[in-house]
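Engineer: The structure that follows is given in the form of structure tokens.
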């Protein structure tokens, strides 16, 4: 195929770039290739990333159960997403908070042009699934070490349907907050929601066994670092894939992501060394996570110096809420948030959203959000004569955070109450003492003969929910 210019010269595309039946003219092969790569990287954050991280960051007796909760959620969310979830989050408006439920399975739909970018709809559906899946899995970090696996199996589709899709539609999918909130890749939709919902669910499920809550060492720190590595490097696709194009914003977002994360990690470790006289590896992982979360809502919208500032604030302020405020206030002590998801995701996500409203650069906002009502970062509005727009943007960021917080706390509570009427939310005390072997009949580190019970054979069938036993 040739393209002509005013001087009558023609440029012939290489055969591999020419449009054909398998690649229509609207399909950018470069963008499509990057989007599929970015989506795969986000999926790897969950499986195996968080599967490994959860399985190694908990006490040995909970390694299998913790890893399986993430593994199950990844599969369950995909099925729910294509059957009804995607259209509830990104489909035709049913109400100001949600889209009309519908399946995303037909060839005509999946192979059409996406409304975002020059890629097929299939790319958009699967990329947004990866976001939905990791949100639910992050939430699970608050519930490890005691939640009834049958309750978790019910919780995942219910929470995805009535909580996650609402937040995604309201902010990203055309809802009442769309075109008002700066949330580049999910500081509110993913992290604030998972942190608030996880903390709320932890309240309803109840605490771990008293011995576990007092002594809960990771069973394999090296594997924990491996899982954290998947999470960190996978964030290249998380933030780099959000523009759905191989362009300037994607490149900047990737650089900012790693700058913020590295800064946050170093600040967190520095505080550990100053206060506790030792550099904690677990603390380094927590600092890494808070940096990743904080930069997410503004990754492609702030300059690198601002990304480093966000990393310094996420590594210090979140450290303070987790290591000081959490131990000082009974409110935090009363809820057993196993992996401190409230601090690493809710606090860091809220901080990132507020800082994005403060530091977002107008020129970058116009690249990713053309023809919208987005204003300008407050700090830039003080010098460009748009103070009113800057303060309005900050107000929108606060309103969005309030909505996500209230909705997730309320809906998660209702879901937990509903499930508690069907099965127990928390395992029985006897099972809590044993751990994986009681729940799954399996152990994480079973050597030859390890855990073998003679003469009574190991049970082959899992315990049924209380509803079924009736």
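First residue shown is number 1, and so on along the chain.
A Cβ is built for glycine as well, from the same backbone N, Cα and C atoms used for every other residue.
So TrEMBL says this about it:
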type: TRANSMEM; residues: 33-55; note: transmembrane segment
type: DOMAIN; residues: 33-445; note: domain 'Ammonium transporter AmtB-like'
type: TRANSMEM; residues: 62-84; note: transmembrane segment
type: TRANSMEM; residues: 124-144; note: transmembrane segment
type: TRANSMEM; residues: 151-173; note: transmembrane segment
type: TRANSMEM; residues: 185-206; note: transmembrane segment
type: TRANSMEM; residues: 218-238; note: transmembrane segment
type: TRANSMEM; residues: 244-269; note: transmembrane segment
type: TRANSMEM; residues: 281-299; note: transmembrane segment
type: TRANSMEM; residues: 305-326; note: transmembrane segment
type: TRANSMEM; residues: 338-360; note: transmembrane segment
type: TRANSMEM; residues: 400-419; note: transmembrane segment
Engineer: Mark yes when the transmembrane segment (400-419) and the transmembrane segment (151-173) have three or more Cβ pairs under 8 Å (sequence separation 6 or more) and no when they do not.
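Structural biologist: These two segments touch.
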Engineer: Please work out which recorded stretch in 185-206, 281-299, 338-360 has the most C-beta pairs separated by under 8 angstroms from the transmembrane segment (218-238)?
Structural biologist: 281-299
Engineer: Which value does the mean pLDDT take for the domain 'Ammonium transporter AmtB-like' (33-445) in this predicted structure?
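Structural biologist: Summing pLDDT over the domain 'Ammonium transporter AmtB-like' (33-445) and dividing by its length gives 95.
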Engineer: Take the C-beta pairs under 8 A between the transmembrane segment (305-326) and each of 124-144, 185-206, 244-269, 281-299, 338-360. Which stretch has the highest count?
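Structural biologist: Looking only at 124-144, 185-206, 244-269, 281-299, 338-360, the most contacts with the transmembrane segment (305-326) come from 244-269.
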Engineer: With the transmembrane segment (124-144) as the reference, find which of 62-84, 244-269, 338-360 contributes the most Cβ pairs under 8 Å.
Structural biologist: 62-84
Engineer: Using a Cβ cut-off under 8 Å, which residues of the same chain at least 6 positions beyond either end of the transmembrane segment (281-299) come close to it?
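Structural biologist: For the transmembrane segment (281-299), the list is 53, 57, 182-188, 190-191, 218, 221, 224-225, 228, 231-232, 235, 238-239, 242, 252-254, 256-257, 260-269, 272, 306-307, 310-311, 313-315, 318-319, 322, 340, 343-345, 347-349, 351-353, 355-356, 359-360.
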